[in-house]
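Asker: Sending over a structure as C-alpha cells; questions will come in a sec.
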Amino acid sequence: MAASFPLLSVLITFITTYLATSASPAAAVAAQYSVTSYGARPDGRTDSTRAFLAAWNKACSSPSPATIYVPAGTFYLKNVAFQGPCKSTSIAFLVDGTLLAPSDYGVIGPVGNWIMFHAVDGVTVSGGTLDGQGKGLWACKASGKSCPQGATTLEFSNSKNIQINGVASLNSQLFHIVINGCQNVKVQGVRVTAAGDSPNTDGIHVQESNGMTILNSRIGTGDDCISIGPGATNLWIEGVSCGPGHGISIGSLGKEFHEAGVQNVTVRTVTFTGTENGVRIKSWGRPSTGFARNVLFQHAVMNNVQNPIVIDQNYCPGEKNCPGQDSGVKVSDVTYQDIHGSSQTEVAVKFTCSKASPCTGIRMEDVKLSYKNKVAGSSCQNADGTASGVVQPGSCL
Ligand SMILES: *[C@@H]1O[C@H](CO)[C@@H](O)[C@H](O)[C@H]1NC(C)=O
C-alpha cells in the first residue's frame, strides 16, 4: 500500500500535466478545412481552383496544425501554386477524391506545373488520385506538331519536411512528381501510371535536394521510373518496382559546366520489368564539374530488361553541343551488389566511361544476369574497379 502511493502521485502528476499542455484548444485540435466549404464541387466540371486556394490560405495562416480535406468525387483543377512560407508548421492535404487536370493541354501545358508547392515546411499529401490527362499532349508531341512542353503533375520546390503518402498519379503531361531544392522528403506507397510510350513522363524526379527517401512504390511510365538530377544527396530508394519505362537513372548529369554533384545514393530491393534500363548513370559528353559518388545498387531483380546495368558518359542528344568531347563528370565508388535476372540484349553490363574522367571504384558483387538463358556479356571503357563473389557476365573491370 505504502509503495503504491508514490506511483499513484506520479500518475496523477503525469495526467494533470498532460491535460494542462494538451487542453488548449488551439494545440489540441487540428483545424480542418474542407475544399467543398470553399466552393469546390466533386462533379468533374466545376473549376475548383479558387476553392482549393482559399482552403490553402486558411490552412497556411492557421497558427495550429491544419488539415485540408478533399472528399470523394472528381474535382476539376487548373494550375495551382500553394505558396509558403506558412504560419502553420504542419499542413496535411488529405485526399479521398480525384483531382482532374484540364484535358485541353493548352491550359496548363504552357505553365509547366499543374499542382505546385513552393517554400513550404511540414506539408503532407496523403491519398487521392492526380489525373494529369496527358494523352492529348502526348499525341500532339507524337504528331510532330508544335506543342507546349507540358506540366509536371506535382512539384515541391524550396521546401522541407515533406511527405507524399499513398498518392496515385495518372497520365501526367510531363513529369509526375518533382522534388527540387528540398530537404527531408519522404515519399511512400505512391503509384504512377502512364503509357510506356508517353514522352518525358518521369515517375519521380529529384534534384538539388538533400535527405529524401522513396519507399514501397510502383511506377509504370514512358520515361525514367526515378530520375536523379544534379545536387541530389543522401537519397534512399527501397521497395520500388519499375515498368514499363526507362528504369532508375542518375542523370543526365553534366549538361552544365558548373554543376552540383550527386552523392550518397542507395537503391535497394527494386524490381525492373520490361524496362529499357535497370540501374543507370548517365552524363553528357562535355566538360563539367559534376560528379556521382558513393552509390549503392543492392538487391535488384531484372525481368527482361534491355540494359540492366549501364554507365553511359557519352550522352549527346541530337549530336549538338558535345560531339567529340569527353564528359567531365567523375563517377566513383559505385557498388552493384546482388543483382540478378534476365537481359533483353546480349550486353547486360555496359560501362562506357569518360576518357577524360574515367570511372573509379566500381564494385561488382554477386551479379548474375542471363541473356536467352545463357550468361550475358559485358563491356567496359575507361572503367576501373573490382569484382567479387559470383559475377556473370564476367567482369571487364
Ligand atoms: C555522405 O555520407 C557520408 C557518410 O554517411 C557523410 O559523412 C557525408 O557527409 C555525406 N555527404 C553529404 C554530401 O551529405
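Any Cβ shown, glycine's included, is placed from N, Cα and C.
TrEMBL does not curate its annotations; it predicts them automatically.
What you are looking at is a predicted structure, and each value in this text was computed from that prediction instead of being measured.
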Asker: For the feature region 'Disordered' as recorded in TrEMBL, pick the matching range from 238-257, 338-357, 378-397.
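Answerer: In TrEMBL, residues 378-397 carry the label region 'Disordered'.
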Asker: Helix, strand, coil: count each for the residues of the region 'Disordered' (378-397), based on DSSP.
Answerer: 0 helix, 14 strand, 6 coil
